[in-house]
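Report on one structure; see the data block that follows.
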Amino acid sequence: MFLLVQSATLSGISWYNLSSVEVGLITSGSLYGALIGSILAFNVADFLGRRRELILSSTFYLIGALVTSLAPNFAVLVIGRLLYGIGIGLAMHAAPMYIAETAPSQIRGQLISLKEFFIVLGMLVGYIVGSLLVETVAGWRYMYGVSIPLSLIMGIGMWWLPASPRWILLRAKQGKGNFQSLRENAITCLCRLRGQNISDSAPKQVDEILSELSHVREEQEAKIAEMFQGKCLKALIIGVGLVLFQQITGQPSVLYYAATIFRSAGFSAASDATKVSILLGLLKLIMTGVAVLVVDRLGRRPMLLGGVSGMVISLFLLGSYYTYLDNIPAVAVVALLLYVGCYQLSFGPIGWLMISEIFPLRTRGRGLSIAVLVNFGANALVTFAFSPLKELLGDGILFFIFGVIAVLSLVFIFFIVPETKGLTLEEIEAKLL
């Protein structure tokens, strides 16, 4: 896409002669917007609620896509990317929370993992649309415009869905409205989510959630200091640790080598980076689909331990290839595919699943905003530091360092991360924190 913006013949603009810094701003604009969105979520998430935060996110998606696709100059294009990124930050914060709080515990893992599946599907569709528009004048505008109808569908869909019953009950316990009225609203929302066949048992389920919230007093929302005490601190260590390792084990960097690795192995199609992106996108989609199907049967810990172990092997294979096995390109191809597949079985979906489950309800909104902020911050740091480290240390050493970090993440998962399969969110708080 960025090559199209810089093309004299295909950009369709007069300001196509962009510097490397300007291209970097376009590339990373949505990432910095996501950081802003994560910070905003910390202050407004519990006030707005999960549903309204997602509606706000779809609004930012819509405005950002419109501004970007119609941008008359470079400055407006960057502003559009930032606005779109704010939508990303809000959505990545609110979506796993909303799903976790509304899904039955037996299929909660599947439903939250489906979020990752559709993210990967969206990326794959983006790659395919990009390949179809690569020869179109001003095609980059259409690429950004594709997300406009999708943001409308998201906003309308969330407008139709009810609020999270757990969020409503938290507001009730905090004295944010008439207690009995909020309790009845929570029962109504639960029936809308699960179907009228649970209408008889819905009041009992709501009262069980309320009993688990007995420690919540009628007072202001959680303070920042609470995030670093007791149960909240333990949840923060688990959640932040997972999303940090998700990024610093090389996920943004390994894909940088994909086209080069395939080309060295003799795949002529690898000369077209778009085709490589489509191939890897398809693999990611398949492996994420596998994760969706098995996560509630196998559990979170086995998938994390198994998938990250595969990532360790693949990273050391890539380090070996770039150090002393460069005459065997098949090693790099196998390692690359193994890394992508194992990541999508482990950190990809399970990281987001765990952070949506592990935080106590009272601090869940703020806990997730910190975790999402760390995730995007680490992504930005790894992306920024990758090229200087590559030049300073060399490809092989860099992959070995990622491999050592992946080993450390295995130790973290084994000793710190609990199994949450089959437990309600209230049981997770009571038994594991």
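Just so you know, glycine gets a Cβ as well, placed from its N, Cα and C.
Automatic, uncurated: that is what TrEMBL annotation is.
Taken from TrEMBL, the feature domain 'Major facilitator superfamily (MFS) profile' applies to 1-421.
Long-range contacts of the transmembrane segment (23-42) within the same chain: residues 2, 5-6, 53, 57, 60, 64, 77-78, 80-90, 92-94, 365-366, 368-370, 372-373, 376-377, 379-380, 383, each at least 6 residues beyond the stretch ends and with a Cβ under 8 Å from a Cβ of the stretch. Residues annotated as transmembrane segment in TrEMBL: 23-42 (among others).
Listed by sequence, the residues of this chain that lie at least six past the ends of the transmembrane segment (54-76) yet keep a Cβ under 8 A from its Cβ atoms are 15, 18, 22, 33, 37, 48, 82-88, 90-91, 94-95, 98, 141-142, 144-145, 147-148, 150-152, 154-155, 158-159. TrEMBL lists 54-76 (among others) with the feature transmembrane segment.
Marked as transmembrane segment by TrEMBL: 82-100 (among others).
Taken from TrEMBL, the feature transmembrane segment applies to 112-130 (among others).
Cβ atoms under 8 Å from those of the transmembrane segment (142-161) belong to residues 1, 51, 54-55, 57-59, 61-62, 65-66, 68-69, 80, 84, 87, 122, 125-126, 129-130, 133, 136, 193 of the same chain, restricted to positions at least 6 beyond its ends. Here TrEMBL flags 142-161 (among others) as transmembrane segment.
Within the chain carrying the transmembrane segment (235-258), a Cβ under 8 angstroms from the stretch's Cβ atoms is held by residues 227-228, 276-277, 280, 308, 311, 315, 318, 332, 336, 339-340, 343, 347-348, 350-352, 354-355, 358-360, 363, 367-368, 370-372, 374-375, 378-379, 381-383, 386, 395, 398-399, 402, 405-406, 408-409, 412-413, 416-418, 433, all 6 or more beyond its ends. Residues annotated as transmembrane segment in TrEMBL: 235-258 (among others).
According to TrEMBL, the transmembrane segment annotation covers 278-296 (among others).
Per TrEMBL, transmembrane segment is recorded for 303-324 (among others). Residues 249-250, 254, 257, 291, 294-295, 331-332, 334-336, 338-339, 341-347, 350, 394-400, 402-403, 406-407, 409-410, 413-414, 417 of the same chain lie 6+ residues outside the transmembrane segment (303-324) yet bring a C-beta within less than 8 angstroms of a C-beta in it.
The transmembrane segment annotation in TrEMBL covers 330-355 (among others). Beyond the ends of the transmembrane segment (330-355), by six or more residues, the same chain brings 92, 96, 108-109, 112-113, 115-117, 120, 238-239, 242-243, 245-246, 249-251, 254-255, 257-258, 261-262, 264-265, 280, 283-284, 287-288, 290-292, 295, 300, 303-304, 306-311, 313-315, 317-318, 320-322, 367-368, 371-372, 375, 417, 420 to within a C-beta distance below 8 angstroms of the stretch.
Among the features that TrEMBL reports, transmembrane segment is placed at 367-386 (among others). A Cβ distance under 8 Å defines the sequence-distant neighbours of the transmembrane segment (367-386), meaning residues of its chain 6+ beyond its ends; these are 28, 31-32, 34-35, 38-39, 41-42, 45, 89, 92-93, 96-97, 227, 232, 235-236, 239-240, 242-244, 246-248, 250-253, 256, 351, 355-356, 358-360.
Per TrEMBL, the feature transmembrane segment maps to 398-417 (among others). Remote same-chain residues near the transmembrane segment (398-417) are listed as 237-238, 241-242, 245, 248-250, 253-254, 300-301, 304-305, 308-309, 311-312, 315-316, 318-319, 322-323, 354, 389-390 (criterion: CB distance under 8 Å, separation of at least six residues from the stretch ends).
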Report task. Note the mean pLDDT of the domain 'Major facilitator superfamily (MFS) profile' (1-421), expressed as a whole number. Result -> 87
